[in-house]
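Got a structure for you, written out below as structure tokens; questions coming shortly.
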Amino acid sequence: MAGGGVIGVGGGDSRKPYPGNLTPYVTITCIVAAMGGLIFGYDIGISGGVTTMTPFLQKFFRKVWEKKEADKSTNQYCQYDSQTLTMFTSSLYLAALLSSLVASTVTRRLGRKLSMLFGGLLFFAGALINGFAKAVWMLIVGRMLLGFGVGFANQSVPLYLSEMAPYKYRGALNIGFQLSITVGILIANVLNYFFAKIKGGWGWRLSLGGAMVPALIITVGSLVLPDTPNSMIERGQTEEARAKLKKIRGVDDVDEEFKDLVAASDASKLVDHPWTNLLQRKYRPHLTMAILIPFFQQLTGINVIMFYAPVLFNTIGFGDDASLMSAVITGIVNVGATLVSIYGVDKWGRRFLFLEGGVQMLICQAVVAACIGAKFGVSGNPGDLPKWYAIAVVLFICIYVAGFAWSWGPLGWLVPSEIFPLEIRSAAQSVNVSVNMIFTFAVAQVFLSMLCHLKFGLFLFFAFFVVVMSIFVYYFLPETKGIPIEEMNQVWRSHWYWSRFVEEADYSNGGMEMSKGNHVPKNV
């Protein structure tokens with residue numbers, strides 16, 4: 001297979017089966033750490049629901065509300081085309097972009113735990129301000145603080161999970177971060193549904209202020225969690241790191257893995273400027289993945305599908321609560337499909353899930369585009385839709401969400417966090433988070449206008465990118481299942497394309513050099 005990550009060359013298998021077990025200590029630690037995803041997920045779910053609440057619009061975006069009430073157009077494509085509201089939602093991602101650059105330095109020099117602590121405190125402050133907001137400027141300040149918190153959490157949590165987990169279970173434990181994101185979205189959607197029914201119109205304050213709960217979880221968690229051996233070695237705590245490695249692996253024989261971690265740390269200390277170092281030829285595959293994987297993740301079209309669901313659910317008969325109820329249903333599908341990914345990522349591999357998810361999303365987008373185009377046309381007026389027709393379209397939307405939730409959703413965070421060598425890990429993860437936030441902002445800001453102008457053709461626009469990214473995965477993304485994180489350089493050296501960038505480099509990733517004879521690693 002063109003893009004396959006065949007590790008052994010010349011019949012040899014270069015993997016090092018580091019001793020270790022999936023201990024209860026590591027399991028509980030990773031579950032607590034993964035809850036850092038709750039803050040990101042909760043905000044995604046809450047912001048969309050709050051902007052549909054009439055009391056919220058009347059208080060902070062009255063002109064938008066008046067326009068909505070005055071506009072009796074039946075054009076469903078342009079019904080929600082408001083740059084003011086989308087800026088309220090998407091401003092968080094700009095703040096996350098800025099904070100991720102600072103979070104890179106904090107994560108590397110002060111540790112993953114402290115970066116998580118900063119994320120929790122900043123998110124708590126933002127939630128507090130938003131919950132008591134009296135004016136638009138308070139909302140914006142709160143959103144910025146929320147964004148800073150998300151930037152720190154998204155920088156540190158995936159790295160923490162990848163470094164703590166035994167390599168055989170790294171995929172499943174790392175996807176716990178994505179599971180927390182989907183659970184956060186679901187909880188937020190359920191709360192929005194009930195808070196919107198509160199008499200007096202102040203339910204939106206509970207929705208926004210409720211973000212303090214997940215913020216407290218990651219804040220307290222960061223104080224009680226142990227630091228990763230990688231981070232401890234990086235900060236000179238060598239003996240403590242050896243003891244910690246024995247505890248988290250549940251065995252005394254950790255010499256081989258420990259030596260590789262120390263060697264990786266020594267190599268990273270030789271790098272004075274990791275940002276500049278990223279541009280070196282031998283890091284070309286890492287930089288490419290740090291940019292293209294989050295880029296493609298946001299251009300799957302998931303935002304378009306999630307947006308259009310309320311119109312279709314309304315036809316089924318959910319009435320005035322259609323948008324909130326549909327978000328709950330798709331949220332349940334999202335969580336369930338992420339559990340499938342946790343079960344299968346270390347059994348079936350990353351590439352299989354990427355490719356299967358891409359085919360599934362492509363088929364569903366084509367079907368939804370055809371159905372919407374046939375009934376809504378270019379006028380955006382569907383007339384009377386039969387319930388069976390709407391149910392069929394909603395079914396394909398749920399299948400699409402499931403495909404995303406067990407492929408590009410979790411793997412978009414997992415794969416970048418596990419492929420970077422220690423000397424560039426924090427900087428490369430910062431690039432990954434930054435690109436993700438840039439395109440999350442861009443898609444959130446413009447896709448409603450694009451929907452208004454491209455109409456059902458927008459579904460085909462994103463379907464094109466699904467095709468491109470699936471081809472990219474097939475040819476250029478090697479399999480990383482079952483490879484110890486400090487031996488990840490193997491997959492690049494044995495890859496049909498990326499080997500030309502790294503095979504002649506003095507690549508001391510994880511303290512190992514590859515002999516050109518059979519690609520078997522040896523300790524430095």
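Every residue, even glycine, has its Cβ placed from backbone N, Cα and C.
Copying in the features that TrEMBL gives for the protein in this structure:
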- 29-481: domain 'Major facilitator superfamily (MFS) profile' (DOMAIN)
- 22-42: transmembrane segment (TRANSMEM)
- 90-107: transmembrane segment (TRANSMEM)
- 114-133: transmembrane segment (TRANSMEM)
- 139-161: transmembrane segment (TRANSMEM)
- 173-196: transmembrane segment (TRANSMEM)
- 202-225: transmembrane segment (TRANSMEM)
- 287-311: transmembrane segment (TRANSMEM)
- 323-345: transmembrane segment (TRANSMEM)
- 352-376: transmembrane segment (TRANSMEM)
- 388-409: transmembrane segment (TRANSMEM)
- 430-450: transmembrane segment (TRANSMEM)
- 456-477: transmembrane segment (TRANSMEM)
Same chain only, please: residues at least 6 beyond the ends of the transmembrane segment (430-450) with a C-beta under 8 Å from a C-beta of the stretch. Say none if there are none.
80-83, 86-87, 89-90, 93-94, 96-97, 100-101, 103-104, 151, 154-155, 278, 287, 290-291, 293-295, 297-299, 303-304, 307, 412, 416-417, 458, 461
Taking 22-42, 90-107, 114-133, 323-345, 388-409 as candidates, which has the most Cβ pairs under 8 Å with the transmembrane segment (173-196)?
22-42
Are there at least 3 C-beta pairs under 8 angstroms linking the transmembrane segment (114-133) and the transmembrane segment (202-225), leaving out pairs fewer than 6 apart in sequence?
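Between the transmembrane segment (114-133) and the transmembrane segment (202-225), which are separate recorded stretches, there is contact, as judged by 3 or more close Cβ pairs.
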Suppose I define contact as three or more CB-CB distances under 8 A, residues 6 or more apart in sequence; do the transmembrane segment (139-161) and the transmembrane segment (114-133) meet it?
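Yes; at least 3 Cβ pairs under 8 Å.
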Output the single range from 90-107, 114-133, 323-345, 352-376, 456-477 maximising the number of Cβ pairs under 8 Å to the transmembrane segment (388-409).
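Ranking 90-107, 114-133, 323-345, 352-376, 456-477 by Cβ pairs under 8 Å to the transmembrane segment (388-409) puts 352-376 first.
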Between the transmembrane segment (90-107) and the stretches 114-133, 352-376, 456-477, work out which stretch tops the count of Cβ pairs under 8 Å.
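Comparing 114-133, 352-376, 456-477: 114-133 has the most Cβ pairs near the transmembrane segment (90-107).
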